[in-house]
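Visitor: After the structure tokens below, expect a handful of questions from me.
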Amino acid sequence: MTEKSHKKTAKGRAGSPSPTSARNKKADNGARGNKVSERLKAVKELQKTETKKARPEHVVNLIGDALWLMGLAATLYLAISLISFDMGDPSWSHSSPVVEDVANWGGLFGAYVADVGYYLFGWSFWWWIAAACVVLYKNFRLHAKQTENEAYNHKIAAAALFVLTVFSPVLEYFVLGGKYADSLPVGAGGMVGIRVGAVFAWLLGKSGSLLIILVVLLLSLSLLVQISWLEFLNGAGRAVQNRLSALSGKVMALGKRRPNTKTDGVDTQNTRRMVKEAKNITAKPVALPEGSSSNRKSVAVSVAPPPKIQVSLFEDDEPRQAGEYHKPTLNLLRIPDSEPVSINPAELERTAELIESKLAEFGIGVQVVSATSGPVITRYEIEPAQGVKGSQIVALSKDLARSMSLQSVRIVETIAGKNTMGIELPNDKRQDVMLSEILSSPVFAEAKSKLTVALGKDIAGTPVVGDLAKMPHLLVAGMTGSGKSVGVNGMIMSMLFKATPDEVRFIMIDPKMLELSIYDGIPHLLCPVVTDMREAGQALNWCVAEMEKRYRLLSHAGVRNLEGFNQKVEAAKAAGKPLLNPFSLNPDEPEPLEKLPLIVVVIDELADLMMTERKAVEQQIARLAQKARAAGIHMIVATQRPSVDVVTGLIKANIPTRMAFTVQSKIDSRTILDQMGADELLKYGDSLFLQPGSAEPTRLQGAFVSDDEVHQVVNYVKSQAPADYIEGLLSGEAALETANIVNPNADSDELFDQAVAYVLESKKTSISSLQRQLRIGYNRAANLMEALENAGVVSSTDLNGSRKILAHKDHL
């Protein structure tokens with residue numbers, strides 16, 4: 001009995017659920033219902049999406065074209081109906097006799113539409129036509145994909161049209177009230193203008209109402225057209241300013257400019273024109289499209305600014321003095337006639353997404369954070385995902401270039417001051433960098449050094465110049481067609497624009513007889529352009545002897561560099577006590593010291609020079625590179641074959657500044673830069689510039705100067721002063737004379753003259769032959785041979801231990 005009762009009780013408890021379990025069950029049912037409804041919504045959205053995707057693209061375009069044409073037809077119909085409105089036609093606002101012929105060009109329907117519009121809004125009904133034209137134009141531009149900005153906002157335009165059709169009739173009523181009663185159903189302003197105008201006049205008065213209405217109308221018009229009045233006024237102001245500047249420039253040129261008169265430095269009339277062109281090119285902030293398909297942040301874009309031109313504010317009215325040297329002016333160079341290549345933000349965004357997707361295919365996760373666009377390339381800065389090594393991305397440079405269908409991709413593993421990497425891609429449109437852009441920039445005009453050289457523009461489009469005095473020597477390498485020779489020409493031209501022949505002198509060695517021969521005859525040269533490699537050795541010997549001579553002068557004057565020496569000479573001359581030459585050939589009447597010019601040795605092709613005069617050239621270049629900086633002697637050494645047998649360790653170790661254009665292999669890139677990268681450049685001036693003490697090179701686009709421009713500048717410089725060569729510099733006479741000044745004790749041995757005569761007559765340069773001829777010991781013969789080398793009679797020993805005779809018998 002008890003057992004049965006327990007079973008019933010348990011059954012009863014199981015059959016009647018508790019309140020808590022009922023509530024839980026209810027909640028579960030509600031959650032299930034929500035999930036079902038969410039799934040149904042997702043299915044419906046998916047069906048809509050699939051329906052849209054299933055619709056062919058040409059059908060969508062056809063529907064869009066049809067709607068646009070229908071809107072155009074409706075606008076034209078409304079316009080002709082308003083134009084041909086006649087008060088005698090049947091209308092809604094007043095009764096009229098039944099006529100068979102309706103005067104309105106839109107027919108009976110057009111007459112009714114025009115009557116209703118004019119009755120309600122007066123002439124302000126034409127705002128509907130204006131709004132329709134704006135909408136049609138914006139949609140046409142958007143449909144034709146001629147703009148990269150946001151789509152036209154129709155909701156804002158509708159709100160602006162509503163405000164215009166309310167406030168414009170009020171303005172019309174206040175200004176033209178009572179007029180056009182015979183032409184319009186209720187006169188100017190329509191019923192809206194009459195009713196709303198009465199309210200405004202009662203609340204604010206007529207003057208206050210006009211002020212408020214004008215402000216509202218301007219704002220509404222701005223929203224309808226979707227332009228900024230501030231930008232419009234700013235652009236109008238710039239146009240007026242440019243016009244006034246051009247007019248004032250012409251007036252100043254007519255009033256001040258004299259015939260057949262040129263000014264030093266920058267040509268004013270020419271630079272004003274450059275300023276005018278530069279002002280018309282305004283750099284606006286780049287707005288990237290919203291709603292990117294990727295979930296990453298938008299790419300920050302940096303655009304190369306237009307070049308800033310350094311302008312001389314006042315022209316030089318002082319007449320020239322006869323025989324005075326004047327530097328060339330910028331009107332001898334070609335001004336760039338092309339505007340900076342416009343940046344397409346949408347294209348940058350697409351490229352950034354492409355970089356991320358292509359690297360993701362190789363299992364590398366990155367995020368593009370910014371992009372900097374220059375004249376030739378665009379650098380995309382990327383943040384690698386956690387655990388991704390930079391070397392992994394660098395190793396994919398060729399694969400990335402292939403997958404993106406590009407000529408080359410350069411990956412910068414480290415960017416100074418940032419935790420990002422750089423991927424440099426070539427631009428679709430290449431922009432030339434002209435030499436005149438660099439020479440007219442403030443950074444070049446404000447440089448004080450006479451050895452300032454124009455290098456080009458960096459990755460952001462900023463002009464870059466270098467100071468050869470601080471480098472103090474430059475090694476340039478690049479294959480044929482890379483722009484190496486053009487870059488060297490640009491450097492020489494920069495110094496011609498910056499310095500007079502009294503300040504800078506050149507020695508040019510051109511084995512190819514093509515690149516530097518154009519400068520033959522300019523007053524800056526110390527000797528004719530050297531094309532014979534045997535004479536090149538003599539020229540370098542003279543440079544070494546001149547370096548030693550200058551060091552002795554600096555030591556005697558108690559200064560540390562050539563600049564200090566020239567300042568001391570100038571100060572002594574100004575005080576009336578000029579310094580005398582302590583190493584004069586006439587000790588009884590020494591000549592006064594003069595300021596010494598800087599000397600730049602330009603070697604266009606080192607490889608050919610090393611093949612013919614390897615031992616002597618390598619030693620002389622190494623000696624100059626080690627010691628010549630303080631003496632004011634600097635070198636620009638160029639080669640198209642930067643292999644280890646040309647750019648030897650001895651030369652490379654003493655020239656820390658390097659500039660690499662496109663080279664053929666990674667080995668050549670390592671030779672010139674100690675790292676890869678130069679083999680991935682784009683030719684035609686694309687280069688890497690490695691400064692002393694810098695681990696990472698700077699990518700530059702070299703400045704271009706044409707042969708015609710070089711000819712014009714050279715002809716101008718020749719017309720200013722004749723060539724002033726040092727006699728005997730290439731024959732060894734000048735080197736021998738300089739060596740005697742440097743080492744006056746070289747002939748202290750009583751047998752020195754006999755040794756010179758024997759070497760020049762017998763053509764034998766060995767120590768043993770000199771020992772046998774003069775019947776002296778080996779040590780004395782070796783000292784005499786060393787004295788002959790220091791005096792410039794014989795060269796140093798080559799790889800075989802032999803010497804060459806540098807002097808001639810006539811020197812005796």
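Cβ atoms are placed via backbone N, Cα and C, with glycine included.
If you look up Swiss-Prot, you'll see 1-36 marked as region 'Disordered'. The compositional bias 'Basic residues' annotation in Swiss-Prot covers 1-11. As annotated by Swiss-Prot, topological domain 'Cytoplasmic' applies to 231-812, with the evidence given as sequence analysis. Taken from Swiss-Prot, the feature domain 'FtsK' applies to 461-670. Residues annotated as ATP binding site in Swiss-Prot: G481, S482, G483, K484, S485, V486.
Help me see these features in their spatial surroundings.
Guide: On the 0 to 100 pLDDT scale, the model's mean across the topological domain 'Cytoplasmic' (231-812) is 80.
Taking Cβ-Cβ distances under 8 Å and a sequence separation of 6 or more, the neighbours of G481 (ATP binding site) in its chain are T662, K683, Y684.
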Visitor: Centre the Cβ atoms of G481, S482, G483, K484, S485, V486, go out 8 Å, and tell me which other residues of that chain have a Cβ in range of the ATP site.
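Guide: Other same-chain residues with Cβ inside the cutoff are G478, T480, G487, F661, K683, Y684, G685, G702.
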Visitor: Fewest other CB within 10 angstroms, which one of the binding-site residues S482, S485?
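Guide: Each of the binding-site residues S482, S485 was scored by Cβ atoms within 10 Å; lowest is S485.
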Visitor: Below 8 Å Cβ to Cβ and six or more residues apart, same chain only. Which residues does that give for G483 (ATP binding site)?
Guide: F661, T662, K683, Y684, G685, D686, S687, G702, F704
Visitor: Under 8 Å between C-beta atoms and at least six apart in sequence, can you list the same-chain neighbours of V486 (ATP binding site), or say none if there are none?
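Guide: Residues satisfying the criterion: G685, G702, F704, V705.
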